[in-house]
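Asker: The structure under discussion is supplied below as structure tokens; questions concerning it will follow.
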Amino acid sequence: MSAATVGKPIKCIAAVAYDAKKPLSVEEITVDAPKAHEVRIKIEYTAVCHTDAYTLSGSDPEGLFPCVLGHEGAGIVESVGDDVITVKPGDHVIALYTAECGKCKFCTSGKTNLCGAVRATQGKGVMPDGTTRFHNAKGEDIYHFMGCSTFSEYTVVADVSVVAIDPKAPLDAACLLGCGVTTGFGAALKTANVQKGDTVAVFGCGTVGLSVIQGAKLRGASKIIAIDINNKKKQYCSQFGATDFVNPKEDLAKDQTIVEKLIEMTDGGLDFTFDCTGNTKIMRDALEACHKGWGQSIIIGVAAAGEEISTRPFQLVTGRVWKGSAFGGIKGRSEMGGLIKDYQKGALKVEEFITHRRPFKEINQAFEDLHNGDCLRTVLKSDEIK
């Protein structure tokens with residue numbers, strides 16, 4: 001990192017979303033110096049997630065434009081503001097959309113990985129002081145996104161929204177731990193706490209669903225049923241540890257429902273099911289496929305604005321449980337190091353999710369990759385921005 005840039009604005013290339021349903025504009029912006037309790041990061045690698053596409057689609061009620069999207073990113077700290085003690089210039093880091101201040105009632109409860117420190121301002125697309133660090137060539141302010149904004153050569157985040165990692169961990173893989181991989185893996189290990197011999201079903205087998213599958217396999221689940229309407233996902237599901245694959249459009253008997261199919265396959269239902277689709281009908285199916293008396297269904301997928309879930313109360317009265325999971329229940333600053341170690345020793349697959357690589361200037365094509373049945377993650381390299 002150059003000392004010449006410390007404390008000064010930096011001009012760099014970013015992908016700006018000016019409006020919903022429009023291509024991102026790859027252009028030069030100005031990134032202000034970090035203020036107190038803020039960190040400026042040179043993003044080395046970033047990936048495109050369905051959440052970015054969801055906001056760009058205009059369906060996100062918290063979506064604000066213009067903004068710099070991106071929340072799966074890793075890089076190197078360029079400079080820090082006053083009173084930052086957790087990271088320093090030169091550190092290899094991952095940006096965190098789920099902050100961890102360690103002081104709020106959420107962090108001190110021991111019950112959740114949610115944090116209240118920056119939630120209000122993060123949802124408004126600004127830094128904790130209510131202002132933005134991004135400006136376009138016309139001097140117009142640009143909103144932040146999920147406290148990360150990794151679709152920029154440089155970004156500024158709150159010091160509670162970044163974690164230093166082992167510099168030996170390759171950043172192109174590490175960036176995926178900023179969302180999808182951690183979300184699914186953590187949901188299996190922390191939220192559900194899958195145990196040896198448990199039966200598991202995963203609805204939706206993208207990066208999050210496959211990460212649930214590998215977490216369940218690591219814990220020794222006896223049956224892991226992957227459910228997806230895209231047969232191209234079958235090979236990935238097997239690779240990450242699924243024992244069975246069901247395509248609801250092809251593998252059900254006449255008039256049979258997916259719930260009936262799963263109950264038939266598991267002698268009464270599953271110990272754990274995971275919804276990774278965001279489809280509220282599938283959320284209901286996932287719950288009702290759980291075993292009476294103890295089955296738990298974990299909701300990971302984010303539904304569209306205004307959507308509601310429903311089931312017959314008897315499903316819950318008879319012992320089934322609905323739970324939610326954000327970022328896999330993982331506390332980003334205190335527990336990310338453990339995930340990095342799992343990756344380094346081979347217990348957690350990460351690089352296997354990188355099916356596509358592109359230079360940053362092809363970011364709009366990377367969004368198109370998401371709709372390709374063969375794509376799990378497209379990783380963009382910052383050095384190839386210009």
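Even glycines carry a Cβ here, placed using N, Cα and C.
Pulled the feature table from Swiss-Prot, pasting it below:
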- Ser2: N-acetylserine (MOD_RES)
- Cys49, His71, Glu72, Cys179: Zn(2+) 1 binding site (BINDING)
- His50, Gly204, Cys205, Gly206, Thr207, Val208, Gly209, Asp228, Ile300, Gly301, Val302, Ser325, Ala326, Phe327: NAD(+) binding site (BINDING)
- Cys101, Cys104, Cys107, Cys115: Zn(2+) 2 binding site (BINDING)
Asker: In three-state terms from DSSP, label Glu72 (Zn(2+) 1 binding site) for me.
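Answerer: DSSP call for Glu72 (Zn(2+) 1 binding site): strand.
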Asker: Have a look around Ile300 (NAD(+) binding site) and count the other CB atoms within 10 A of its CB, chains all included.
Answerer: 28
Asker: Around the Zn(2+) 1 site formed by Cys49, His71, Glu72, Cys179, which additional residues qualify by having Cβ within 8 Å of the site's Cβ center?
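Answerer: Neighbours found: Ala47, Val48, Thr51, Asp52, Gly70, Gly73, Tyr97, Met146, Cys148, Thr150, Gly178, Gly180.
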Asker: Can you tell which of the binding-site residues Cys101, Cys205, Val302 lies nearest to His71 (Zn(2+) 1 binding site) in space, using Cα positions?
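Answerer: Result: the closest of the binding-site residues to His71 (Zn(2+) 1 binding site) is Val302.
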Asker: If I take the alpha carbons of Cys101 (Zn(2+) 2 binding site) and Ala326 (NAD(+) binding site), what is the distance between them in whole Å?
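Answerer: That separation, Cα to Cα, works out to 16 Å.
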Asker: Going by a 10 angstroms cut-off between Cβ atoms, which of the binding-site residues Cys49, Val302 has the sparsest surroundings?
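Answerer: Lowest Cβ count within 10 Å among the binding-site residues (Cys49, Val302) is Val302.
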Asker: Sort the binding-site residues Cys49, His50, Gly209, Val302 by C-alpha distance from Cys115 (Zn(2+) 2 binding site) and give me just the closest.
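Answerer: Going through Cys49, His50, Gly209, Val302 one by one, the Cα closest to that of Cys115 (Zn(2+) 2 binding site) is Val302.
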Asker: Run through Cys107, Thr207, Ala326 for me and report the binding-site residues whose CA is within 10 Å of the CA of Cys49 (Zn(2+) 1 binding site), in sequence order.
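Answerer: If one measures from the Cα of Cys49 (Zn(2+) 1 binding site), the binding-site residues that come within 10 Å are Thr207.
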Asker: How many whole Å apart are the CA atoms of Glu72 (Zn(2+) 1 binding site) and Cys205 (NAD(+) binding site)?
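Answerer: Distance between the two Cα atoms comes out at 19 Å.
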Asker: Within 8 Å of the Cβ centroid of the Zn(2+) 2 site residues Cys101, Cys104, Cys107, Cys115, which other residues of the same chain have their Cβ?
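Answerer: Near the Zn(2+) 2 site, beyond Cys101, Cys104, Cys107, Cys115, sit Ala99, Glu100, Gly102, Lys103, Lys105, Phe106, Thr108, Gly116, Ala117, Val160.
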